[in-house]
Amino acid sequence: MRGQRRKCPFGAPDATGRQRLPGRRELPRAAGTRDLQLRRFPVAGFDCWGRPLGVSRMFFYLSKKVAMSNNVKLKCISWNKDQGFIACGGDDGLLRVLKLETQTDDTKLRGLAAPSNLSMNQTLEGHSGSWYEEMINNRNKSVVRSMSWNADGQKICIVYEDGAVIVGSVDGNRIWGKDLKGVQLCHVAWSADSKALLFGMANGEIHIYDNQGNFMVKMKMNCLVNVTGAVSIAGIHWYHGTEGYVEPDCPCLAICFDNGRCQIMRHENDQNPVLIDTGMYVVSIQWNHTGSVLAVAGSQKVITQDKDVNTVQFYTPFGEHLGTLMVPGKQMSALSWEGGGLKIALTVDSFIYFANIRPDYKWGYCSNTVVYAYTRRDRPEYCVTFWDTKNNDKYVKYVKSLISITTCGDFCILATKADENHPQEENEMETFGAMFVLVLCNSIGTPLDPKYIDLVPLFVTMTKTHVIAASKEAFYIWQYRVAKKLTALEINQITRSRKEGRERIYHVDDTPSGSLDGVLDYSKAIQGTRDPICAITASDKTLIVSRESGTFQRYSLPNVGLIQKYSLNCQAYQLSLNCNSSRLAVIDILGVLTFFDLDARVTDSTGQQVVGELLKLERKDVWDMKWAKDNPDLFAVMEKTRMYVFRNLDPEEPIQTSGYICNFEDLEIKSVLLDEILKNPEYPNKDYIINFEIRSLRDSRALIEKVGIEDASQFIEDNPHPRLWRLLAEAALQKLDLHTAEQAFVRCKDYQGIKFVKRLGNLQSEPMKQAEVAAYFGRFEEAERMYLDMDRRDLAISLRLKLGDWFRVLQLLKTGSGDADDSLLEQAHNAIGDYFADRQKRLNAIQYYVQGRNQERLAECYYMLEDYVGLENLASSLPENHKLLPEIAQMFVRVGMCEQAVTAFLKCNQPKAAVDTCVHLNQWNKAVELAKSHNMKEIGSLLARYASHLLEKNKILDAIELYRKANYFYDAAKLMFKIADEEAKKRTKPLRVKKLYVLSALLIEQYHEQIKNAQRGKVKGKSSEATSALAGLLEEEVLSTSSRFTDNAWRGAEAYHFFILAQRQLYEGYVDTALKTALHLRDYEDIIPAVEIYSLLALCACASRAFGTCSKAFIKLESLETLSSEQKQQYEDLALEIFTKHTPKDNRKSELDGLLEGGEGKLPTCVATGSPITEYQFWMCSVCKHCVLAQEINNYNFCPLCHSAVG
């Protein structure tokens, strides 16, 4: 099941004690050492933990041999990772330091990886330096067996054979020391976090200690199960993750024994390590600088030879075998990696052998983009970089569990293991194990279409229309689509794409007929086969599948049908078809390149005619090759550090380089120096892209330059290629040999070139022809100068117009002697304005737009610069109904400038938009004014809708303000009265309630005035002012017959005014005046609660000693139904207490008679004093129509009731 850990698929041991793999074809030992090793690690598609085993391989070859003087045998070697020094030790105390010369600028340009010349070779004798006193090796009874630095280089652990252990610091001070009793030590290693130490014993055991020397546990060695006899440890190497890991939780601790058994662990307590049986006698092991390759050095017996063969085996951290390197000599003793992982040093007898490594990077090339992947220490995923080599732009994606990168055309396929938490689509597929993803990306890394498959994509290839992924047993074909090819109908049918046959799967043992018989049946992917797939390749019409037995199966595309089977005596690693699918290039696992003609018909040894012929060309030590895209007989091959170009199987002289071939087209080879890029992958350099011209192109150019066009033409006739004909055509044009140029353009099928030559033939002037040719080759300055010398300024301007060089166009237009074309001047000014606007330099753009009279872009620049004055001036300068006015108005609306927006809308005759703008910006006065002036009736509904919206949010005051601004005073007054009534019920401050009632009454007064003015306007000129006022009153009466506040709007304000005034007079000591004022409150019981009115009246009467009035007030209080019995009893008790002392009679009854009687015909009341007005002269407020005594008004600047100014 997906997500569960798989057990390592080792089978039962054979007679030699080694495990065999189930379902794996056993190859005889005579088949070669590589095949011997391939069967001793997990290869059934997954590693021990369910990870897919890729098909990564490395190519390596011996490049240099250094001999020691006096034939001193070497014992050990170490290569400094930073400075590159190599130290080797041997018999008789030999210590020699060597250094390979570093790369020069010249070698970098040629792309030579790891040069091999020695720059230093020195024997060190008579050492004068030593450790500090505490770290001196003065233990004469034992010898040092091993030492190890921790990950950060701050501590070193030294172990002696007799069990002594010393841990010291980098400055030479001893940290601690310990004697391990009864053991013989031979190896030591630090953990990555420096918290644990591994001690290897002479008897093969490994003990784990903490960093203070305390024993923790003995390590279990799974690789020694079923092993008998004594074994010793050949090497322990723990990679500390300094360059990141190839996968999260990747094995990094390698332990190997001399009998060839090896185990690779994630940590010291890993219970499920990767187990390897190398089948050799091991002397040394070491990880490379990234922990991605483990080198195992030793020797092994080969049946075909009597002596042991020195061998280096290379493995991935998951046990996958990468290859074998054979080394001459008698006895290998040690190995060491170079710091960049591109070289390895081996000590054999008295020699040092250097081998170059060509890593199989995860990379590809598509559409001028190099795609490469690398690991980083701070990220668990692969960092996949899409580097646009043309523009030097870089796009980075992080991909988990990347398996491979495959490219073709403009697209790229990233094969990865799917996230186990990925939610699958409904009915997507049945699952048989771990899922994988093929992600189709474009050249900037944008995922276009991911496909989830249940087939391990060990091998992936792609064409312009198909992606083919293969496991060991089956291959999956997907006809992919990209967005530019999809129609709307196809987009809707994507979910049914599987049923349409766009995805099919075939078992390698099937024999498809070519009809649409392939189905998406993943059960085929788990059916075994005796002859697994080892490589695939495809072109637009052919698919080649190679199997480990040497059988090649040829299928047709797009309808998959088995056409032919071929048999070759090799196991392929890399396949490649030429551009017409007639020849197949095969690089086998030994690095041997052979070629096979797929369509040739030959007679075999039995006299039967067979299809397919193995060509005679064979090259060794090949690690890369590429067919030309436009010539089926051209291809480039990488051998060691040389690139060979072949034409019809004949090689040209080699080119020194170690670049990986990106593209071979137009007789040019583009190569990328991946070794250099991956030294600093975050900052790729254009210098690491190298273009090579093949010999025919170089020779043709030399012939043209030195001999002449005729001889060059004959050479190109003998070696035809479109690129060569194009070269000849360009040279003929330079010399105005139009006949030769036309013939050459015809041969390279360049229709545009033919038309150009025809046009040149119609020109009479030689200087004119030369100027046209100069422009054709991009020498525009020269062409312009020629045009101007011929006094053809129009042609110079036309040239610059085609180039889009508007600055030069404007310059030419202004410097000419004749009148410039006005339209062309405007076009130039506008184009330059666009140039500055696109670069956010809008101030500069405005200058040119003004001269180009481009109001649209001018308005846009003003708006973006927030120059609203300029925008307003532009709007005012435009004629009425100009098409730009609505757009400018919308710009003003967006920034809340209502007045300017309304002006613009009205200028283009859009009053409805102007009103909508006012509503949107809450300018209701303006909106009502516009609606009325343009006879628009919908303003009332808009107003009501917005007011209801405010009321729903309980924003009553906002609604009142809205109505007031819109001159809907009646509606505003209703809401204000509602608020005043609510505040009065809350028993809040009387002054606040009075203010609310005053505001309500003022709104009613404005409403009255509005009605009168409306009627006055209707009857203007027909009758007197009295008649119009009467008509207004009649209309008002009709509109508001049921509202109490329209009849007497000031009633609430009066009530609270007298209520406050009476209390103020009482507290100031004017008790008689306070009593008179309080008596007025009896008329306002509907506004102020009666209990408050009569309580105040009783208090004032008592203070004024008008006990008769006080008695009446108590009688009223005791009869109120709103009081409880307890409250009434309290009033009765208080009245009893007062009137037992005082007779309930008024002493100044005559003065209160008028006030006590009340009723109709009573005198007006002074709102300043609360007293009745008995005089004929008094002041009346023009707003509230209330009166004040003439002698009192002199003390006020404002009306005591409504607070309007005293006129």
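Every residue, even glycine, has its Cβ placed from backbone N, Cα and C.
What TrEMBL says about a protein is an automatic prediction, not a curated fact.
Summarising the annotation, TrEMBL assigns domain 'IFT121/TULP4 N-terminal' to 127-358.
Summarising model confidence by region, the domain 'IFT121 second beta-propeller' (363-693) averages a pLDDT of 86. Feature annotation from TrEMBL assigns domain 'IFT121 second beta-propeller' to 363-693.
Annotation comment: TrEMBL describes 724-813 as domain 'IFT80/172/WDR35 TPR'.
In the domain 'IFT121-like TPR repeats' (1047-1146), helix, strand and coil residues by DSSP number 74 helix, 2 strand, 24 coil. Residues or ranges marked as domain 'IFT121-like TPR repeats' in TrEMBL: 1047-1146.
Sequence-distant contacts of the domain 'IFT121-like zinc finger' (1164-1206) (same chain, six or more residues past either end, CB-CB distance under 8 Å): 998, 1001-1002, 1005, 1050, 1053-1054, 1057-1058, 1061-1062, 1065, 1073-1074, 1076-1077, 1080, 1154-1155. Taken from TrEMBL, the feature domain 'IFT121-like zinc finger' applies to 1164-1206.
For 1-20, the entry in TrEMBL reads region 'Disordered'.
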DSSP helix/strand/coil residue counts for the domain 'IFT80/172/WDR35 TPR' (724-813): 72 helix, 0 strand, 18 coil
Within the domain 'IFT121-like zinc finger' (1164-1206), residues counted as helix, strand or coil by DSSP: 4 helix, 11 strand, 28 coil
